[in-house]
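Input: a single structure, listed below in structure tokens.
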């Protein structure tokens, strides 16, 4: 008992031990306190920065600066108690292990086939965006060297390092910015990512050369080291990579993901490679980077491997490294006008030279000036890689603490500016305009392109070039299968899609052929889209850079749909998108390539009630044709071969005309019985004027009749009824109630059929009765605020009516560009 008490006295707080007092025999307690403070502060600082789309590395470096001599260092005994000098080596070891793993992950992000696919733009933009800042950085290094360099560093090495520090681009941060701004599939994003990978590779090579020259005064020894690194790289590529690929294929790791043994072997390889590059005098991170580059990318293996190790590295170890970088920053050393003059000069050169090089190279490749400027802005991003480069320079005694602090400020400023400047220069509306201009839909001034030729038929005028459908869950799969079954004509022939890789950029410029012309056969192509949430995980970024169609081929849910559509002889393409939850609607809408694409989403009543903002955004911001299908047994199992009733609510306007054309396409299926209710005012003095007002004139009713006669065969017309419905003149609210009552009467009659399955459908345009601003709600209507945000007044009432048990399809025609 006495012995146990003595041990408690020696080791426990009950025995009087100070838990944050550093002990060489038991450093863990203080390390845990340091890690807790660093990680907590990083997360707290990142919260407000995330609201303006800033990367987490900024918060991590700022946290280090706050905890260092610049801020908390002025608090008495804080540094001596929490970050004593004796404890820094332990913190450094953990941080450097995190750095090795981080560079290994960065290596896995380097997609060499992606660069090869866009080699021309990768070389021109990547290299030119390095040459400008490298040259100007080398020039300003003359003054910095005279003022701040130590005698142990030669100017050749110093100038080379400053040039490299000025010219690097942070690939990990760049990939996240492109993903969050939905630019990965844009030609600007493809060019930037390709050039960023090239920039990353060249930058690491130059940095390895710089560190080698700094460590070896003898040029011949430095040459030997360079040759040793080159030999090691070739050994990894031509010997280790094939052996690793063979082993992973035999162990089924490529097929099922890495096992614990697979991960252990790969991490041991990282350690061996890092050890080798360390002992020859370069730096261990280069060995880890090389192993990352050679990891097989087959079947998404790098994504699965990253998922296994990323959380521990990015949540615990990497914040320690970047916080340590901040601890090395001492703003108190920046105490003269000359120093701040150099800081401003460094920032200007690093930003302007990088933007100029990227802009000119992008313009040379055929991009518009505004697109080219966006490329330059994105290439100026420094971020994580720059911090690593600066730390290497500080550890190699190339940089003094004052110069290190100066460049850290430059890194924070240029990284901070990247996202807001890109959004300002390359907004969504401009990207939409450029896309429509390249598709030949509008002139550059925004006016529609007029095409002379024979008059189009009704269905041709409102034709659909491609159906883009959001696959959220298995209920949406059933809805899509029902639609495909109804839209499939027994005489339809499949259409072969264009053999074009969306991740390959054609930068010759000029107008491109409208995608709707490529579908000249009139057969509908279907594109199923699955949207996955984008998190802070690096695996999500790697996955986001993979071609969406390639991801779609591996998705099991989309595979089920593809099998069904092959049986139905329908062309189907599956795509998987990675996006922020708040950007789901915008991401989906911009999957369309033509104003005649139809983006359709389906949902249950419950989903519509809970996620009303998403469906409201779909209708509010669509640059193409959209459809919202509220499923109330439309996709009921076993009902595909059953007859269905469709009631088309026609009140006039472009949305109703588009809805009518879609209903007519459905009616070509012999299982469909279509009733078209043409609502017009009972007031003979009321005149219709396009989309305004409630009623229709006699001429518009005749248009509906003519549309049916032009579009449908005589045999098909026998399954279509056109009914003129007179709405008694009254206030807008009363007239709206009348229309709602009529719809419920029609659909209620369906329920009395002996074989009623509940799989019928009401179709209407979103702008039906656009003049009604405050629609009424019956006592039985659902009161969810989210559901009431569907824009059309009549659509709002029908969508929120409890007593209406029939599924509802709300259609919206492409809005004219302004």
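Backbone N, Cα and C define each Cβ position, glycine as well.
As recorded in TrEMBL:
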type: TRANSMEM; residues: 28-45; note: transmembrane segment
type: DOMAIN; residues: 37-421; note: domain 'Cation/H+ exchanger transmembrane'
type: TRANSMEM; residues: 57-75; note: transmembrane segment
type: TRANSMEM; residues: 87-107; note: transmembrane segment
type: TRANSMEM; residues: 119-145; note: transmembrane segment
type: TRANSMEM; residues: 157-178; note: transmembrane segment
type: TRANSMEM; residues: 190-216; note: transmembrane segment
type: TRANSMEM; residues: 222-240; note: transmembrane segment
type: TRANSMEM; residues: 261-279; note: transmembrane segment
type: TRANSMEM; residues: 312-333; note: transmembrane segment
type: TRANSMEM; residues: 339-361; note: transmembrane segment
type: TRANSMEM; residues: 373-394; note: transmembrane segment
type: TRANSMEM; residues: 406-428; note: transmembrane segment
type: COMPBIAS; residues: 495-504; note: compositional bias 'Basic and acidic residues'
type: REGION; residues: 495-519; note: region 'Disordered'
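Below 8 angstroms of C-beta separation, residues 100-101, 104, 229, 232, 236, 240, 244, 247-248, 251, 253, 285-288, 290-292, 295, 305, 308-309 of the same chain, each at least six residues beyond the ends of the transmembrane segment (261-279), sit close to that stretch. Packing against the transmembrane segment (406-428) from elsewhere in the chain are residues 52-55, 57-58, 61-62, 65, 165, 170, 173, 177, 180-181, 183, 188, 325-326, 329, 334, 339, 342-343, 346-347, 350-351, 354, 370-371, 373-374, 377-378, 380-383, 386-387, 390, 399, 586: each is 6 or more residues past its ends and has a CB under 8 Å from a CB in it. Put simply, of 119-145, 190-216, 222-240, the stretch with the most CB pairs closer than 8 A to the transmembrane segment (373-394) is 190-216. Contact check: the transmembrane segment (28-45) against the transmembrane segment (119-145) gives fewer than three Cβ pairs closer than 8 Å, residues 6 or more apart, which falls short of the contact criterion.
Sequence-distant residue pairs (6 or more apart) of the transmembrane segment (57-75) and the transmembrane segment (222-240) include fewer than 3 whose Cβ atoms are under 8 Å, leaving the two stretches without contact. Among residues of the same chain six or more beyond the transmembrane segment (190-216), those with a C-beta under 8 A of the stretch's C-beta atoms are 106, 109-112, 114-115, 117-118, 121-123, 125-127, 129-130, 153, 156-157, 160-161, 164, 167-169, 171, 174-175, 178, 183-184, 222, 225-226, 229, 281-283, 286, 289, 358, 361-362, 365, 367, 375, 378-379, 385, 389, 392, 396-398, 503-505, 507, 545. If you look at the transmembrane segment (222-240), the same-chain residues 6 or more away from its ends with a CB under 8 A from one of its CBs are 208-209, 212-213, 215-216, 269, 273, 276-277, 280-282, 286-287, 290-291, 293-294.
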